[in-house]
Amino acid sequence: MSDLLSRDAQYVWHPYTQMKTAPSPLPIVKGEGALLFTEDGRTLIDGISSWWVNIHGHSHPYIAERIAAQALELEHVIFSGFTHPPAVDLAEKLIDILPGNMARVFYSDNGSTAVEIAVKMAIQYFYNQGMSRPGIIAFEQAFHGETFGAMSLSGELALFDAFEKHLFRVDRIPAPFPGREQESLDALEAILKQGDTCAFIFEPLIMGAGGMLMYEPEALDALIKCCHEHGALAIADEVMTGFGRTGKIFACDYLEETPDLMCLAKGLTGGVLPLSATVCTADIFNAFYSEDKKRTLFHGHSFTANPLGCAAALASMDLTLSETCQNSIARLTARHRAFIEEVKAHPTLIHIRARGTILAMEFHTPDATSYFNNMRDQLYNFFLDQDIILRPLGNVVYVMPPYCLTDEQLEKIYAALREAMEAFKP
Ligand SMILES: *Cc1c(COP(=O)(O)O)cnc(C)c1O
């Protein structure tokens, strides 16, 4: 074992890892574009953008330079009572590219906190107006993060069983998958009619950790419209889908309706530094804007609006909006579609689907499709043996690459997927 690995084994506790049975982690010493380089000289293709965050490739020089320049100007300052140029520039630019009704940006530092803040804003929005509407609605297979509020909002993924007694109650509705749109809408409406719902939170168009489950914009439009008819707020958790993932800058850009709150993280800084944002309408902001100090949103983190994070986000946004990047997103989208046409009848596949740069395929399994499906480790190792990082959710294999992935690298991933389909034939 290398020195790094033995020290890691002695002192470090890794996320989502059964430390007893998991193989040793791979020591990564360098990254460039869609590639990661290990300590012992292997070159890996990062097919999952390092947990869905890295949209422009690793160690991008433009983002690195902008962070370095900012670090020499101002590395951090308390954001209560103070402000700074990168935070204001970023807020302005975000409002510019977000749906037209978005008016205010509240910063934090990860996806879970962005979600917590959205829910706190929604609850206090009604509280500040003297209304009690405690109810929150979410999808059955939802995933919204790791903190207690975010765990409460997440569906029955069996990840958080230990904490069940400590989670708050959330009303569940089925997601509007093709063929189940009416069922989903009816369930939503039945709950909204009781009149005590403050917000409905959803992952727009693609539910990530639940298994890359996809549904259509029209179905979500109907749900948001129904919320608004009943005076409830709609919260779009775009933590995974934001910044080009789905083929448009935001998944909500596919919609006619607009949410009242949006949560942004993962791709916000190009996956380089932890930063997130909760964005809301002027109406929500105004419910807090008051002479009365008790109407304040009492929330803030030590690193709220960290200037380095904001500088990284500004640089990442330049790249995302560039013609080169937009072309890459369109290229990945088209190639995923062609790949689906090629392999969709394969007997190993229960289902294959894509939206934008995300491709997901459900492998045939004797057991139920689930996060804990035993095929996961076999599939993971199958791809890693070919120097490709894909991290299946149970028997669901997905590709979510950095947009700069080359055609050659993508072809290597497709070739491995074809081989896996043969190797795992039922
Ligand atoms: C990853 C994710 C989160 C949580 O973000 P973290 O930065 O990991 O806390 C929340 N919502 C969605 C949809 C996510 O994919």
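A Cβ is built for glycine as well, from the same backbone N, Cα and C atoms used for every other residue.
Taken from TrEMBL, the feature substrate binding site applies to Trp51, Lys266, Gly300, Arg391. Other Cβ atoms within 10 Å of the Cβ of Gly300 (substrate binding site), summed over all protein chains shown, number 15.
Here Ser302 (pyridoxal 5'-phosphate binding site) comes close to no residue that lies at least six apart in sequence on the same chain with a C-beta under 8 angstroms from its C-beta. What TrEMBL lists as pyridoxal 5'-phosphate binding site is Gly111, Ser112, Asp237, His301, Ser302.
DSSP gives Lys266 (substrate binding site) a helix state. Per TrEMBL, N6-(pyridoxal phosphate)lysine is recorded for Lys266.
Look at the Cβ of each of the binding-site residues Lys266, His301, Arg391 and count the other Cβ atoms within 10 Å; the largest number goes with Lys266. Taking every pair among Trp51, Lys266, Gly300, Arg391, the residues recorded as binding substrate, the greatest CA to CA distance is 33 Å.
When the binding-site residues Trp51, Gly111, Ser112, Asp237, Gly300, Ser302 are checked against ligand 1, Gly111, Ser112, Asp237 have a Cβ within less than 6 Å of one of its atoms. In this structure, the CA atom of Gly111 (pyridoxal 5'-phosphate binding site) is 14 Å away from the CA atom of Gly300 (substrate binding site). Of the listed binding-site residues, namely Gly111, Asp237, the sparsest Cβ surroundings within 10 Å are found at Gly111.
Neighbours of Trp51 (substrate binding site), defined as other CB atoms within 10 A of its CB across all chains, total 14.
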